[in-house]
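If you check TrEMBL, you get these features:
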TRANSMEM  A:12-32  transmembrane segment
TRANSMEM  A:67-93  transmembrane segment
DOMAIN    A:71-283  domain 'ABC transmembrane type-1'
TRANSMEM  A:114-136  transmembrane segment
TRANSMEM  A:156-180  transmembrane segment
TRANSMEM  A:201-227  transmembrane segment
TRANSMEM  A:266-287  transmembrane segment
Amino acid sequence: MEKRAHFSGWTLPLLLIVPQMAITVIFFYLPASQAIWQSFLREDAFGLTSEFVGFENYSAVFEQPEYYRAMVTTVIFSTLVAFFSLAVALLFATQADKSLRGGHGFKTLLIWPYAVAPAIAGVLWMFMFHPTLGTLGRPLNLMGFNWNPMLDGKDAMILLVLSATWKHVSYNFLFFLAGLQAIPKSVIEAGAIDGAGPMRRFWTIIFPLLSPTTFFLLVVTIVYVFFETFGIIDAVTGGGPAGTTTTLVYKVYADGRSGGDLGLSAAQSVVLMVIVIALTAIQFRYVERKVQY
Amino acid sequence: MVENRPFRDFMAYLTLIIGVVLVAFPVYLAIMASTFDTATIINGNMPLIPGDQTLENYSRALFYGGKTAREPVIGMMINSMIVAMGIAFGKILISILSAYAVVYFRFPFRRTAFWVIFITLMLPVEVRIYPTYKIVADLGLLDTYSGLILPLIASATGTLLFRQFFMTIPEELLEASKIDGAGAFRFFKDTLLPLSMTTIAALFVIQFIYGWNQYLWPLLITTKSSMQTIVIGIKKMITTTDALTEWNIAMTTAVLAMVPPVLVVIFMQRLFVKGLVETEK
């Protein structure tokens, strides 16, 4: 871990590290600690005075029916996006891994949605599935499906899942492909010689060897659905209709902006931080196991 | 392998072609929509072949903006470009310096400093938005490029990436440089920096895309329309319940918003993949 050879003196290294430290302290530690501190305070309506109220904000958060609703929405949303984006990416990756002519071209054609902003992805899908003018949304209604993501919560959720999955498949595809290429071909050939067919080889040899990658991608995808899909939700549904697509992160934003109750919003942020830290910790345990120093 | 290869390859091609079509179709529609006038789109029968309003739409979007958000897109693109470049270069600069300090020097609190930076990996800006907003407001940075850039570079990914890379550089290089009489500055400039070029480029691609695609943060801290970025600007053009939405201009803007980051990914694919796999793992 440590380098034997190094430079001596300590003023220069301190100077080198100062810019990063300053930015980290000002824009990370200060606001993060403020969020925690605020979660224990209650401010009056004008924000002039505040008193320490202990865990009252937290109990208030957990008493809100809307909070549980947002929690359920978040769980449904992340489960669906995680399942579809992992499954589709794995399918494409296994096909692209076969030594095909033009394999590299397919890779390029499949990865570029990574570069599209989540909000733009949402807008594209909104346009395609617009109930009255969308190329796919209008036929749905003509066929009598009564499709309208602006009024129907279920339709809105379907639209969000589709656009969030579309945007994230490319990412999972890249990692699955890298994972597949790291599996020694001799292992798979040995399976073939033993008479295992392609499906059997996939489920008994390839898939178990890919499980670390799958697990890593599962965690990353959940974090993606939590945070990066904010742009999709805000641009496409704004948390509606009637709060049906309000996730935990969207609620922190909406409560802080409209309600002006910073204590409540801060308490929600802290709960989220705990969830994310737990997810990150899991991810690091995995990295520790995988990387051999 | 033992299976019938032609059939296996045929299925693989078929799956991949379907995949490419699924991936491209929404964007294809957006490009088509950017070639028609508003009325053709509103009546719900937009053809799947290009129309004749392309020049008209692009020049109007770029230099005049939409009806609902009368802000020329060219200004938004310049803002997005400044923010994305600022985030990419800012992050590269602060993290290569701090990684150099952590790896190549012994100084008091070195481990503490490393952990202080490292912990930031755990919290994206989204969960501390209001307190961060307050600090940026107190510093008078609302509606400024610094306010858009600085809070988004406060994380450890870059430092970790450079640290990881520096650890793989053989120690003999530093020893040889020292024998040649090079100091800390010369070693950095003549040896470390040229060796790090691939890593720098990879990090640049990832950070550029991250910066260009920002949504929540610019939404919160920009109030002046002249400071708007393109990803935010497009949302103002689509009022989904309103029949008067100029979908042609909105889709023209969407296409313009996708061009720079998609080009970066396509042309720097190898570096992008390298950077991505290394920062995440």
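Residue positions begin at 1 at the first shown residue.
Glycine is no exception: its Cβ is also placed from the backbone N, Cα and C atoms.
Counted as Cβ pairs under 8 Å, contacts with the transmembrane segment (A:67-93) are highest for A:201-227 among A:12-32, A:114-136, A:201-227, A:266-287.
Against the transmembrane segment (A:201-227), stretch A:156-180 shows more Cβ pairs under 8 Å than any other of A:12-32, A:156-180, A:266-287.
With a cut-off of 8 Å between Cβ atoms, the residues of this chain six or more beyond the transmembrane segment (A:266-287) that come close are 32, 34-36, 38-39, 57-58, 60-61, 67, 212, 215-216, 219-220, 222-223, 226, 248-249, 251-252, 255. For the transmembrane segment (A:156-180), same-chain residues at least 6 beyond its ends with a Cβ under 8 Å from one of its own Cβ atoms are 73, 76-77, 80-81, 84-86, 88-90, 92-94, 96-97, 107, 110-114, 116, 118, 121-122, 124-126, 129, 149-150, 206, 209-210, 212-214, 216-217, 220-221, 224-225, 229, 232-233, 236-237, 240-241, 244-245.
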